[in-house]
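Report on the following structure.
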Amino acid sequence: MTLTFPAPSKDKAELETGPAFTPRFDEKGLVTAVVTDARDGELLMVAHMNAEALALTIETGIAHYYSRSRNSLWKKGESSGNTQAVQEIRTDCDQDAIWLKVTVAGHDATCHTGRRSCFYRTVGVENGKARVTITDEHRHFDPAQIYAEKKG
């Protein structure tokens, strides 16, 4: 079974309070997905989903995304083993963003750098220039080793 999504209602009240899930995909056919840890609420990543990725996520309970750089569907954790089991899916008021609450398998890391979250740096100003500072040095796995094993 593959879910399909009806076109969003033009009636704002229906879109915001009605029972129909009608995601508002952008002009490229994507919707933004915000992903947090279901256990502690930590922000893990922000990604994009097309209709197929969203349908697979709902149907399988495992997070799937659409890679804009590769222009392809991607099952999160397929290479690293850090799959995301979806505990809850929410949508925002106008259904143009998705919030996934997940538990991460494997090394409990979401970022391809080996870190738990893709948000491991803070942004600030130093000598009048915007700079980033790494605030999470801990890597749950060695990306060179994990991704080399999958390629080999």
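We number each residue from 1, going along the chain as drawn.
Every residue, even glycine, has its Cβ placed from backbone N, Cα and C.
Now, the feature entries from Swiss-Prot:
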BINDING   Asp92, Asp94, Asp96  Mg(2+) binding site
BINDING   Cys93, Cys111, Cys118  Zn(2+) binding site
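According to DSSP, Cys93 (Zn(2+) binding site) is assigned to coil rather than to any helix or strand. Listed in chain order, the residues near the Mg(2+) site other than Asp92, Asp94, Asp96 are Arg24, Thr91, Cys93, Gln95, Ala97, each with its Cβ within 8 Å of the site Cβ centroid. Of all the binding-site residues given, namely Asp92, Asp94, Asp96, the one with the smallest number of surrounding CB atoms inside 10 A is Asp94. Between the alpha carbons (Cα) of Asp92 (Mg(2+) binding site) and Cys111 (Zn(2+) binding site) lies a span of roughly 24 Å. A count of other CB atoms within 10 A of each Cβ picks out Cys118 as the most crowded of the binding-site residues Cys93, Cys118. Of the recorded residues, Cys118 (Zn(2+) binding site) and Asp96 (Mg(2+) binding site) place their C-alpha atoms 22 Å from one another. Taking Cβ-Cβ distances under 8 Å and a sequence separation of 6 or more, the neighbours of Cys111 (Zn(2+) binding site) in its chain are Leu44, Met45, Ser117, Cys118, Tyr120. Mapped onto three states, the DSSP output places Cys118 (Zn(2+) binding site) in coil.
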